[in-house]
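Enquirer: Here's a structure for you.
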Amino acid sequence: MFGRAPKKSDSTRYYEILGVPKDASPEDLKKAYKKAAIKNHPDKGGDPEKFKELAHAYEVLSDPEKREIYDQYGEDALKEGMGGGGGMHDPFDIFQSFFGGSPFGGVGSSRGRRQRRGEDVVHPLKVSLEDLFTGTTKKLSLSRNVICSKCTGKGSKSGASMKCSGCQGTGMKVSIRHLGPSMIQQMQHPCNECKGTGETINDKDRCPQCKGEKVVQEKKVLEVVVEKGMQHGQKITFPGEADEAPDTVTGDIVFVLQQKEHPKFKRKGEDLFYEHTLSLTEALCGFRFVLTHLDGRQLLIKSNLGEVVKPDQFKAIEDEGMPIYQRPFMKGKMYIHFTVEFPDSLNPDQVKSLEAILPPKPSMSLTYMELDECEETTLHNVNIEEEMKRKQTQAQQEAYDEDDEPAGGQRVQCAQQ
């Protein structure tokens, strides 16, 4: 309600904007708006403010109630709330109500574009073998681009943009490089003026929140659930959590599990392999030791009475391997690989004691005369890996020295007669 009657006005500005007389019919208004809107559309290089004014003028004059109030009392009456208020719709929505999208064949248009799919963002996630055995949850803080809430991804205050003059709205530029006589190379690259968007925004019209970038940075914490039995290289996907962009279906954030090496355990599928070294006494007379499992449980490992463990032998324990993924109550096997450590030397008394206990040595079939004819040799200790490396290095050095040697002496020449 007004405290006093509004003043009469003979405002004709909205009619002038559309270029029609005050007695124009609804059909005349439609034709005038369509013609002027296409001409001034930002995607065709038109003035964003002019485009906005055209939409507002048509919105008022096409509504019989608002038009009557405007004709009698002018713009101020609409702003003060007569005729349902002075708020206006998005100028692009009004334009789209006529054409159902872009009348320009989609070239450079910021609306009616076919959406492309954004790229997935892939992160490696380091986990221990213990994590994969027991399962764990990791909280990770990430930064990503999201559509600006102030301009809803348009980049401008008015919602308008202009076709980039540098690339003619294609978002790409072609450069030619001369490689030589009659040879050129043609290369296509994103336009540096519009950053490949095909659009530019007037500096004065840029959104104050995103500065015309259409997106802003957002920090987000994701809870990554690593389930029991997951494998090295397995992917955990968060659909639609990657960087947002206008006219783009948001990609996924993907975490790829990277298992760290374990000092004692090795994993092969659903089985675990454990390395353990026995002394010679343990291998011959029996052993007993405690194995700490990946979940902290203590397992007592012992040999059977009278059992002899040979070097490089394997023993298996059922249901102590890795949990099977998505079937956590089922597990593989644990294999224990035994290495036997021998003493460096024995004194004569120890040798006699062992000979009395152990099976007899094989007897030699050679006679004393045949033994006298044999040549004696001397054995010495060697680290075979270091020995092979030394020989390889020596061979490489000799080859290098040969390459550095100067050409041989003067060639033999035939004496001239």
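If you go along the chain as it appears here, the first residue is 1 and each next one adds 1.
The backbone N, Cα and C atoms fix where each Cβ goes, glycine too.
Residues or ranges marked as domain 'J' by Swiss-Prot: 11-76. According to Swiss-Prot, the feature S-farnesyl cysteine maps to Cys414. According to Swiss-Prot, the feature cysteine methyl ester maps to Cys414, an assignment based on similarity to another entry. What Swiss-Prot records for 384-417 is region 'Disordered'. Taken from Swiss-Prot, the feature repeat 'CXXCXGXG motif' applies to 148-155, 164-171, 191-198, 207-214. What Swiss-Prot records for 135-219 is zinc finger.
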Enquirer: What stretch of 148-155, 164-171, 207-214 shows the most Cβ pairs under 8 Å to the repeat 'CXXCXGXG motif' (191-198)?
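Expert: It is 164-171 that shares the most Cβ pairs under 8 Å with the repeat 'CXXCXGXG motif' (191-198).
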Enquirer: How many of the residues that make up the repeat 'CXXCXGXG motif' (207-214) does DSSP mark as helix, as strand and as coil?
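Expert: Each residue of the repeat 'CXXCXGXG motif' (207-214) counted once, the result is 0 helix, 0 strand, 8 coil.
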Enquirer: So what's the average pLDDT for the zinc finger (135-219)?
Expert: 85
Enquirer: What are the helix, strand and coil residue counts for the repeat 'CXXCXGXG motif' (164-171) according to DSSP?
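Expert: The counts are 0 helix, 0 strand, 8 coil.
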